[in-house]
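**Student:** Just dropping this structure here.
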Amino acid sequence: MQIQFHLYNTLTRTKELFRPQDQANVKMYVCGPTVYDNPHIGNSRSAAVYDLLYRILIKIFGSTAVKYIRNITDVDDKIIDRAELLGSTINELTDKVTQEFHINMEYLGCKLPSIEPKATEHIDIMIEIIERLIAKKHAYIADKHVYFNVLSAPNYTELSNRNLEEMFEGVRVENSKTKKHPQDFVLWKPAKPNESANMNFDSPWGLGRPGWHIECSAMSYKYLGENFDIHGGGADLIFPHHTNEIAQSRCAFPSSTYAKYWVHHGFLTVNGEKMSKSLGNFITVRDLMDKEISGEVIRLFLLSSHYRRPLDYNDKAIEDAKKTLDYWYRAIVNINLQKIDIIPNDFMQSLLDDMNTPLAVKIINDYARGVFTSTTEEEKKFNASNLITCANFIGLMNKTPHEWFNSGVNELYINELVNKRLEAKKQKNWLLADQIRNQLLEQQIVLEDKPDGTIWRKG
């Protein structure tokens with residue numbers, strides 16, 4: 001039976017049955033980071049959401065049939081400003097931040113995309129598309145800039161579902177006397193005096209660099225062609241970025257529909273407020289790594305809410321994710337797991353229904369509970385195997401219980417204290433034994449006395 005996968009399409013504002021143009025060549029493009037500063041947890045939500053989508057597509061169509069492109073924006077005004085502030089070269093900054101991004105992705109258990117193109121390596125294609133737009137009267141040259149003529153684009157407001165005036169309310173628009181219309185956006189901008197040569201390129205319109213929107217149109221065209229299946233990104237990109245992508249790509253290639261399914265994830269806040277450096281609540285993945293918050297805890301937190309809903313980062317949410325994973329890992333302690341290749345149907349159906357991760361997590365939790373309430377060894381193994389299979393599918397429970405409960409602790413030091421306590425008990429020195437137990441408890445190390453000795457775990 002054909003697997004049916006439904007996704008909410010921002011373009012049509014309906015949940016649709018996903019039908020790729022070619023089941024042997026499923027194409028997905030996702031907007032990646034602008035590498036000017038360390039990735040924040042908002043970037044991580046995007047990574048986790050589309051990593052899960054990638055896993056689902058692979059499950060349905062096979063790993064060789066799915067092409068996942070996630071770009072790196074390494075040419076941008078923010079990069080220039082940041083490099084000047086740090087006294088760094090452009091390349092030093094972008095290389096360092098890109099490396100940090102990759103470290104973060106590995107920490108969160110995200111699969112590598114099929115291709116991760118850099119904007120600076122595709123300037124020629126951007127120029128090619130801009131020339132097509134000029135030739136078709138959808139773009140014009142003014143004062144060494146090249147602008148896209150928004151009013152020339154059919155159905156410009158289709159993705160945002162708002163009229164033109166509403167779309168630009170509250171949006172910063174670059175004012176220029178050389179523009180034909182205030183809403184027109186830049187495709188190519190000239191180099192500024194004394195600006196870094198690393199951020200500017202030769203073009204038919206002089207030395208300069210591309211606008212942000214043309215970068216994604218060029219890279220998606222290079223690797224996926226005029227038409228592809230899925231385009232992903234945050235809801236904040238619907239306008240202007242994705243709206244402008246659609247306009248310029250469809251105008252450059254008139255027979256193109258560009259992306260068929262537009263999949264957007266919701267906003268991420270911190271303690272109920274928008275994340276910003278001015279509010280002092282700007283949290284990077286590196287901040288969480290330095291606090292020794294497990295990548296699996298962060299990933300479960302990111303997937304705990306439906307991807308289209310807002311998600312709030314707070315200490316309780318992280319603590320809840322940690323407790324949930326502790327519960328799951330505790331369920332498989334001392335169980336000889338049976339490897340199963342079949343994913344339980346109820347779990348898979350939850351993900352096939354617009355990636356309903358809250359329901360998927362509930363189902364995993366039910367399997368964990370089933371382990372503890374099982375009355376037979378066979379039933380216990382069944383629940384434990386389904387637990388680990390489902391959790392693995394969404395990128396969780398990739399450690400043994402021992403690794404999980406003892407991560408980030410000095411095992412030699414703890415074993416010495418456990419042996420010292422054991423000796424104290426033999427000497428009937430109950431006061432010292434209790435002191436050692438309490439000392440370890442303060443370090444979140446829990447002792448369990450068994451007939452054959454004492455075992456410990458991180459609480």
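Glycine residues also receive a Cβ, built from the backbone N, Cα and C atoms like all the rest.
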**Student:** In Swiss-Prot, which of the ranges 154-158, 274-278, 304-308, 379-383 has the motif ''KMSKS' region' annotation?
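**Tutor:** Feature motif ''KMSKS' region' in Swiss-Prot: residues 274-278.
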**Student:** Among Cys216, Cys251, find me the residue Swiss-Prot lists at the same Zn(2+) site as Cys31, His241, Glu245.
**Tutor:** Cys216
**Student:** Could you tell me which of the ranges 33-43, 88-98, 165-175 is annotated in Swiss-Prot as motif ''HIGH' region'?
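**Tutor:** Of the candidate stretches, Swiss-Prot labels 33-43 as motif ''HIGH' region'.
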**Student:** The motif ''HIGH' region' (33-43): which same-chain residues, six or more beyond its ends, come within Cβ distance under 8 Å?
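**Tutor:** Tertiary neighbours of the motif ''HIGH' region' (33-43) are 72-74, 76, 78-79, 81-82, 93-94, 97-98, 100-101, 104, 234, 267-268, 270, 275, 282-286, 288, 298, 302, 313.
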**Student:** Quick one: which residues besides Cys31, Cys216, His241, Glu245 have a Cβ within 8 Å of the Zn(2+) site's Cβ centroid, in sequence order?
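**Tutor:** The answer, listed by sequence position, is Trp212, His213, Glu215, Ser217, His231, Gly233, Leu237, His242, Asn244.
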**Student:** Test of understanding: give the count of other CB atoms lying within 10 angstroms of the CB of Cys31 (Zn(2+) binding site).
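**Tutor:** I count 23 other Cβ atoms within 10 Å of it.
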**Student:** Can you tell me the three-state DSSP label for Glu245 (Zn(2+) binding site)?
**Tutor:** helix
**Student:** Below 8 Å Cβ to Cβ and six or more residues apart, same chain only. Which residues does that give for Cys216 (Zn(2+) binding site)?
**Tutor:** Tyr29, Cys31, Asn71, His241, Glu245
**Student:** So how many other Cβ atoms are close to His241 (Zn(2+) binding site), meaning within 10 Å of its Cβ?
**Tutor:** 18
